[in-house]
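Taking it in order: structure first as structure tokens, then the write-up.
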């Protein structure tokens, strides 16, 4: 049986020139040297090319320890407002959010061309992809949130489009880039999928411990961790676009129907 490195390049095996340029040759059917057509079309092997290509793909999709640490430090600087910029005033969070988004995208997508940081505008298929996870989250989070006293029904649908846009741009995008794009991808290099999603979700959950007007806010941590598992699953199955949209839908629902 031909090995993984035996399937690199498909071409016409006719002529001495081809034999000089190509090392090993495997026909599409049968053993080496079997004529399968008038042109003797064979799978021609240059295993070194595919090996190098495979290594290059692995390297560009890898997040190193120092990249992870720098991203985490940037997140801490942003999340906990280490420095106050008087020029930005109340808009500082939004400005820093956009700065972090662009830094992550420029480095991981434009510079490294990391596949997990590929973004495109959501479409109808994106919506179909996230609806099952969204339904599961609503069924799970609402009873738990109400039971913990974290959620209280308070319906306000005014400014719904504006709310959705704000969560999409300034919350979901930056958080998903960080916690799914960077953190989950980093741990996926060392753990299996389920463990990776859980680890990233727990860390994501604890970033909410100081939010919601109470410290420590463990109910918020619990709900964010559960939501993070759904975001992580969708990210693993579909990609960053879907996890961002799911995150936006959940936050918009929370803001519009509860307090």
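The backbone N, Cα and C atoms fix where each Cβ goes, glycine too.
Annotations in TrEMBL come from automatic prediction, not curation.
Pulled from TrEMBL:
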type: DOMAIN; residues: 160-252; note: domain 'CAAX prenyl protease 2/Lysostaphin resistance protein A-like'
type: TRANSMEM; residues: 65-85; note: transmembrane segment
type: TRANSMEM; residues: 91-110; note: transmembrane segment
type: TRANSMEM; residues: 131-151; note: transmembrane segment
type: TRANSMEM; residues: 157-178; note: transmembrane segment
type: TRANSMEM; residues: 190-209; note: transmembrane segment
type: TRANSMEM; residues: 215-235; note: transmembrane segment
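The largest share of C-beta pairs under 8 angstroms with the transmembrane segment (131-151) comes from 215-235, of the ranges 91-110, 157-178, 190-209, 215-235. Here the transmembrane segment (157-178) has Cβ contacts under 8 Å with residues 71, 75, 78, 93-94, 97-98, 100-101, 104-105, 117, 204, 231, 235, 240, 243-245, 247-248, 251-252, 255-256 of the same chain, all six or more residues outside its ends. In the predicted model, the domain 'CAAX prenyl protease 2/Lysostaphin resistance protein A-like' (160-252) shows an average pLDDT of 95.
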